Amino acid sequence: MVSRVIPVQPFDLIIFGGTGDLARRKILPALFRRYCAGQMEGEARVIGAARAEMSDAEYRSFAREAITEFGAYAACDAEHLDAFLTLLSYITLDARGDAGWATLAAALEGSARIRAFYFSVGPGLFGDLAARIEAHGLAAPGTRVVVEKPFGRDLASARSLNAALARHFDETQIYRIDHYLGKETVQNLMAIRFGNTLFEPLWNSQYVDHIQITVAEAGGVGSRGEYYDKSGAMRDMMQNHLMQLLCLTAMEPPAKYDPDAVRDEKLKVIRALDPGQPGDIVRGQYEAAGKGAGSQPGYLEEVGNPESTTESFVALKARIGNWRWAGTPFYLRTGKRLRARASEIAIVFKDAPHSIFGADAGQHRNILTIRLQPNEGIELGVTIKEPGPGGMRLVDVPLDMTFSEALGPEAEDVPDAYERLIMDVIRGDQTLFMRGDEVEAAWEWTDPIIEAWESAGTAPCAYATGSSGPDDALALIHRDGRRWREIRT
Ligand code: NAD
């Protein structure tokens with residue numbers, strides 16, 4: 001299979017926070033890979049802008065190290081890297097002061113390229129950057145701004161961020177990143193649902209017993225402890241990534257694959273969510289593991305806050321109050337230090353209404369699993385006859401389509417989510433970016449849940465490192481006569 005690469009128009013991409021961790025680990029390597037793939041025309045320019053004093057040459061060596069360290073370098077040869085680095089320059093600039101803005105204005109003066117400003121800085125600087133871009137006359141109607149998560153920590157802060165951006169930019173210019181939407185399998189969810197006639201007729205409460213969405217990480221909070229402790233799994237993962245996966249799984253078919261048509265349908269799902277009930281939500285915190293050399297600290301120790309009640313795990317049962325999904329629960333869970341790093345969406349279909357094979361054949365269910373990581377792919381569990389003589393015994397087998405096997409070696413080289421999303425920004429395609437009203441609606445649903453447990457003052461349940469989460473999370477689904485799927489790679 002040969003994938004088509006359509007080059008984008010020449011562009012100027014200004015990365016505010018161009019010396020930060022995200023630029024180093026994701027943005028610069030993603031740009032390099034797209035360059036190697038032939039998607040960036042030679043006239044593209046990438047301008048790093050941050051507070052540090054740095055020359056162009058120093059920024060290029062910063063980018064060289066980042067690209068070498070974060071895996072992208074293997075994709076391409078040294079000659080490509082040298083050529084790519086010539087597209088880069090650097091401006092020392094203060095988002096909150098005047099330093100550097102005149103230099104940036106001079107660099108952009110007269111450029112007819114597509115212009116995109118990437119706000120790879122904390123959200124506290126979004127308003128300052130937007131105001132200064134306008135004050136210095138750096139934005140035209142086609143200019144785009146890209147903003148990173150977290151987009152607020154509650155409805156009020158998300159609204160104020162939206163308002164700060166809206167003072168200077170139209171919604172059609174604002175690209176709010178949720179990198180989960182850039183994942184190949186997540187987009188495949190739409191292809192599977194709306195490109196096949198097979199699934200959509202069954203995609204409702206009449207045929208679907210329940211849906212499970214799991215985003216499990218094996219690692220702990222690591223160096224992000226200080227940030228994470230102010231956020232927690234609900235704000236960091238559930239409100240955005242899992243909510244987006246829920247929306248794409250549950251939404252009605254949009255009339256066309258177009259940014260607003262897709263986002264309108266996602267928004268309807270969030271607005272149809274029933275309010276979360278306290279008994280339907282379980283929070284957890286991981287415990288320390290092991291002793292001596294191979295030991296791992298517990299959450300409290302890792303974040304350096306022995307009093308912390310922030311959750312590193314959350315599981316909940318969500319209900320969507322509409323015709324399609326009334327009566328079908330969505331079980332969502334995400335957490336750190338779990339058994340494995342594994343993310344999937346599992347559509348668990350109902351049992352056949354009547355078994356002609358008798359009680360001995362047992363109960364069998366079709367499960368469609370969309371694996372986000374690892375081994376991106378789709379698996380459909382079907383029931384067949386167990387081979388051999390001896391009567392009609394049934395067995396479940398997977399129809400497994402691991403993309404790399406089904407589509408050939410090129411599919412193994414799946415572009416990182418950031419590669420796709422940055423190129424979508426340049427192309428002006430907002431389909432895979434969150435709209436302001438979507439983000440606000442998600443906070444509107446999340447806020448009362450967080451407020452309820454904050455006012456109750458309850459501590460999260462402890463869970464063992466390497467487990468599937470707290471026992472209460474198992475009970476959450478067991479009491480409905482169901483069980484979580486095993487977290488495995
Ligand atoms: P960082 O702290 O590593 O980098 C921040 C950057 O902002 C630096 O380049 C710094 O010089 C610049 N900066 C700070 N104050 C400035 C000012 N007044 N004027 C100009 N530049 C200034 O942060 P990061 O990890 O790169 O994160 C950037 C954004 O991306 C944050 O909103 C973060 O939440 C988000 N994000 C990061 C990651 C990640 O993996 N690092 C993942 C998802 C989202």
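The backbone N, Cα and C atoms fix where each Cβ goes, glycine too.
Predicted automatically and left uncurated, TrEMBL annotations should be read as such.
Record check, TrEMBL: substrate site residues include His179, Lys183, Glu217, Asp236, and the candidate from Lys268, Lys291, Lys317, Lys336 also listed there is Lys336.
TrEMBL names Gly17, Gly18, Thr19, Gly20, Asp21, Leu22, Ala23, Arg24, Lys149 as NADP(+) ligands; from the candidate set Arg45, Arg51, Arg115, the record adds Arg51 to that same site.
Checking the binding-site residues Thr19, Asp21, Asp236 for a CB within less than 6 Å of any atom of ligand 1 leaves Thr19, Asp21, listed in sequence order. Mean pLDDT for the domain 'Glucose-6-phosphate dehydrogenase C-terminal' (190-485) in the predicted structure: 93. Proximity of Gly17 (NADP(+) binding site) to non-local residues of its own chain (separation of 6 or more, Cβ distance below 8 Å) is seen for Ala23, Ala49, Ala50, Tyr118, Phe119, Ser120, Val121, given in sequence order. Pairwise Cα distances among His179, Lys183, Glu217, Asp236, Lys336, the recorded substrate-binding residues, top out at 20 Å. Annotation for Thr19 (NADP(+) binding site): spatial neighbours Gly48, Ala50, Ala52, Met54, Tyr59, Phe62, criterion Cβ-Cβ under 8 Å with sequence separation of six or more. You'll find the Cα of His241 (active site, proton acceptor) roughly 8 Å from the Cα of His179 (substrate binding site). Considering only the binding-site residues His179, Lys183, Glu217, Lys336, the residue whose Cα is spatially closest to the Cα of Arg51 (NADP(+) binding site) is His179.
Considering other CB atoms within 10 Å as the measure, the emptiest surroundings among the binding-site residues Asp21, Glu217, Asp236 are those of Asp21.
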